[in-house]
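Participant: Okay, handing you the structure first.
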């Protein structure tokens, strides 16, 4: 039994699955054929050299690397016997399978996977940097001239001399048809045989011929022994940018007239394209909602309150978010920006308003074709046109006509449920209870999208290391439809591990991953967010040796959930519903609740967990899914003479979960993290409260308005210009019914 051509499979006598290493069941040649690489990720533009760490090849081997069974790139064996591959140009992000041949392409028995990353999400160290990027992108417009310079890490390219090439991006064929194609194209070589010093300066001259029609592109630096435009060779790419610096004489002579003509041409094209605005999701009404709805919205890196709110394209905003999922038919994107008061900024009131996108900035599965190409489709439809209309000429009204902000009248916040401490549960409908079973349980499952979130609990320990009679959440596994399976767990040394289809994922190179049916994100402090394609979100963070879990579900899941988090329908009476649909009263005692919890134990056939150690196999796979011999403490005793009780009262105040956990674990630290988790859940629910919006109000002709907040309780005042008299209402207030008070104002 050999792993040649068979990585990831379970064979009759041994395993080629990733779990075989900890279970010691690997086939003898597992390490030879199933490749481990470093680095394991890089830009989708390709050209990155990575090393195969575990397999030693002959220096005489003729290496070929093949991605997705069709894209071949060169490989080589270094002097130390380590093999290397060059990553290819891809039109998608996420994990891409690759194979290696040592016989010049006859057979490809070795395999692994490469993580392709959005070009803007790759660290700056991997790219060549346009020094003073604004100057590059405004070159040739008034008061922008002189030299341009470029820097890069010269040690990345093993060469004494380099070439610098200009590449352009285009999408050809009929829009929204099957023959619509994305192409990166080599245009010309800007510099030949330049010394590889890591820096290059030049004075741009207007380009001749038909290259001047290319206004969006990128620079590529390659060793000078490769031929012009040769694909998939070692390279360093710049960031993608507007190619103002190379545009022709007609642009240089009158940039504003050139850009105005381009803007009007774009305006005419947009008129003919389908209207995507009708199908994009509405924005959250407030900044608090936008930051709390983590299953559907994520920080827009171009305007981030946690990084100092540098919002170049959105003056006046402190934070923007983007809708994570592209719209269903046209793959369009939504963006929502907020000011310092937490109010949404609309383009109808300010150029700093949020603008939706014909091409979603992050791309959208299955990628590969316009308008789903990560980053670049967006540049073509929504960014270069912004340069034409708003930055290189003064015609921004055309841009805003096609990219107006959506307000929040149709936005409905999700519902949240959480589990934390030695498990305390807060259901979607807001019921609190404690269930301290030992085993693996269904926290929520839905027949709507076959979403399943399962939790594993293990015995908690006292500060001295002995086992307490309560449990805590130690692992969570989840899947929706046929998506990838994600598991987050505490490993033996209390480090959090994230598993993707049973394989441990490493966030050292990338904090965001585009996966099958979901997106995965890890923050610096190890908060893991899983964003499913339905808009369901799962957040997990470690606290006090246990996991804290929050599940966010959009309104469409109403009446479609069951499990420990209850039936999400706004009615707490049926929270404790068993698998057979019988219920127990909300006033049930802890022993009855223990039976309700035990009923939701998972079975081996439907378990999403990975059992890759003897301990997990014996205790959870071959053992009972609900350990019926484990009886927890139901009513901890509060002894007034106990010195811990005084400290507990000071710490916990009136939080019953905190008090319970201090008494049962004898640890103030556990109590404190339970109290914080409980507090976080309450804040989340508070931030996700529904807000009524009455929608945007225009100012009257020959007058102006004061106020740009259109939410319930806000007032808008109207003032007429000198010489005009006001009829209608001077002030209109947004009422709780979602309708403006008063009458239409005119001057």
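Using N, Cα and C of the backbone, Cβ positions are placed for all residues, glycine too.
What TrEMBL says about a protein is an automatic prediction, not a curated fact.
What TrEMBL records for this protein is below:
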type: DISULFID; residues: 720-747; note: disulfide bond
type: DOMAIN; residues: 1-38; note: domain 'SMB'
type: DOMAIN; residues: 255-403; note: domain 'AMOP'
type: DOMAIN; residues: 415-608; note: domain 'VWFD'
type: DOMAIN; residues: 692-747; note: domain 'Sushi'
Participant: Tally every other Cβ atom lying within 10 Å of the Cβ atom of residue 720 (disulfide bond).
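Facilitator: So the Cβ neighbour count for residue 720 (disulfide bond) comes to 19.
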Participant: Mind pulling out the one from 1-38, 255-403, 415-608 with the most Cβ pairs under 8 angstroms to the domain 'Sushi' (692-747)?
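Facilitator: Top-ranked stretch among 1-38, 255-403, 415-608: 255-403.
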Participant: Quickly jot the same-chain residues contacting the domain 'SMB' (1-38) by Cβ under 8 Å, restricted to those at least six beyond its ends, or write none.
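Facilitator: Non-local partners: 50-55, 85, 100, 108-112, 114, 502-504, 610-614, 617.
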Participant: Within 10 Å of the Cβ of residue 747 (disulfide bond), how many other Cβ atoms can you find? Include all protein chains, please.
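Facilitator: Result for residue 747 (disulfide bond): 18 neighbouring Cβ atoms inside 10 Å.
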Participant: Report the DSSP secondary-structure composition of the domain 'SMB' (1-38) as helix, strand and coil residue counts.
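Facilitator: Summed over the domain 'SMB' (1-38), the classes give 8 helix, 6 strand, 24 coil.
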Participant: Looking only at the domain 'VWFD' (415-608), report the model's average pLDDT.
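Facilitator: Over the domain 'VWFD' (415-608), the predicted model scores a mean pLDDT of 93.
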Participant: Go ahead and report the DSSP secondary structure tallies for the domain 'AMOP' (255-403): helix first, then strand, then coil.
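Facilitator: Helix, strand and coil residues of the domain 'AMOP' (255-403) number 50 helix, 17 strand, 82 coil.
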